[in-house]
Amino acid sequence: LTGMFVNGFINVSITTLEKRFGLRSSEAGVISVGYDIAFCILTMFVTYFGSRSHRPRIISVGAFLLGVGGLIFSLPHFTTGLYSFEEGFASKCQSFKARKCLSGMTKPSRGNHGDGCASGASYLSNYVYVFIFAQLINGVGCTPLYTLGLAVIEDSVPKESASLYLGIGNAASIFGPVLGYGLGGVVLSFWVDFDQIDTSNVNLTPSDPRWVGAWWLGTMISMACAFLLVIPFAGFPAQFKGTKHLFKARQPFTHFLNTGTAQFRRMKNAEVDKTTGGEVAKEENFAKSYKDFPKALMMLAKNKTYVFVTLADCSEAILISGFTTFLPKIIESEFQQSAGTAALVAGVISIPGGMLGHVLAGLIIKCFNLKTANILKFNIVCCLCVCALSPSLLMYCRNRPVAGITIPYNNTNDLGGIMSTCNANCSCQEEFYIPVCGTDGINYFSACAAGCNEHIENGTDSSSQLYYNNCSCISTPSNNGWQASSGHCVTNDCNSLGAFLGVFCVCVMFTFMSSTPSLFYFSLSNRVLPQRIRTFGLGVQWLFIRALGSIPGPIMFGTVIDLTCILWQKRICDGSKGSCWIYNSEDLAINALIICEF
């Protein structure tokens, strides 16, 4: 459920949220890391003090908070009113109705903005704080699950079986994004306001740049599922039946029940670093008081294996969190796909690769009974495989030819904006991307940007193709009475998506095979730390992974993606910058590769 909501529905909706609320990718990255910020703040305290409490009930409270977070995340949909993709003025660019382009009616003057400014459209970007707050609540709710929950499993099974059990558990958690990406692609094919209006009156398709899908529907589904899990979690006992022969109590800061389990305990402690305070950790009352908190931290800091494994996991977390958040957007921008399709294909390559990597790593560690040193060597080999496959990020499709953005207007050197000498008197709006395809095979930001001053009706159906004529920026003659039609020009020169999906899926598999033993199973940390501080060590490790990996990862990716934007939305009300309409595919691919390699 957590994977479906946080790593599924939210991530596939990033592009949609940017369009609906006028956000930049860097702002969308902050939304993504709100979850990790809360995790960082709470993880040490939850693992240090929660390990001596009724852990399943704490997880139950977390499930309730996850439901609350889902409710808050979806509130902006119910408090912003209907989404107007034309905002009272964009229609004047596309439906001229015999109105001349040169009349200047395509862009309302200040004080006569229609719904676009009367409703204060630019205020929508402030909803970013609502999304961040919701993600903070989600982080609070999920902290017990990924710390105490994994500790309950690990404490209840023998050492040689821990990797397999945790591998199955983490593979199940990875299956959550399968549902999130899959269902997310489906819900984004529904119009955002389908619950309030007759969608037959919406003359857009998911391939239209202005399309906004029902991003909120997935969060509502997650909210309902989270509330359903509260009572079952609360019903679990503090310790599971059949595990008394392993531990005297289920808490990680306790010792074994009798000498019959002494051998099992020795196996657990065989690889503990004896120079990092292990003898102190054997004291009966150690880690039962907050006064031992600094001592426990110092023991972790002196454990070289633990420190370097944690730093390696931080670098892995930057890539995993960054690509998890923005991979659908990268596919959408580089391969000219709709948001729903990009979400589905991102799930096709990410989820199977991640699940396979989880399970394979667990099986290899169990079947070959790998010790700590061999696990580290195994990680190095997987990392080298990732580096060898990462150049697959350079596979992309060239940008569509868009006049003034990717190619100059005809017979001019005008590049860097939609305005040119041929449409200088049209006063075209730049808030909504309403592309038209000219008979010259070039895309234009809108019919206004193409200098068209005649609109031609085609058929009686309101959803019929729209045509334009007398376009001053299109030099080629008219075709059957028109020079431009609504929508992008159809091209067949983008065929590298399949190859990218195949190679990147293998790359994802090796990434998770490398990070799984330490980042997800915490078997490495478990093996090199004394018994009494293992759960605490897990909490501190996750703190650094979030603070140095998961939190800066999406922000870093979002900032780098923003740097490749070549056409920003320009709000008609105040001229402020909104979300990005077009990215430079080549620069985006190169920047993604640079982040991956470093």
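Residue 1 is the first one shown; counting continues down the chain.
Glycine too: its Cβ is placed from the backbone N, Cα and C atoms.
All annotation found in TrEMBL is predicted automatically rather than curated by experts.
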Transmembrane segment range according to TrEMBL, out of 128-152, 428-452: 128-152
- request: Among 164-192, 541-569, indicate the range for which TrEMBL gives the feature transmembrane segment.
  value: 164-192
Statement: Counting Cβ pairs closer than 8 Å to the transmembrane segment (212-236), the top stretch among 28-51, 58-78, 164-192, 339-364 is 58-78
Query: Which stretch from 28-51, 58-78, 128-152, 305-327, 339-364 shares the most C-beta pairs under 8 Å with the transmembrane segment (164-192)?
result: 339-364
Field: Same-chain residues near the transmembrane segment (128-152), Cβ under 8 Å, at least 6 residues beyond its ends
entry: 2, 5-6, 10, 17, 21, 23, 27, 30-39, 42-43, 46-47, 50-51, 55-56, 58-59, 61-70, 72-73, 75-76, 166, 169, 226, 240, 250, 252, 522, 534-535, 538-539, 542
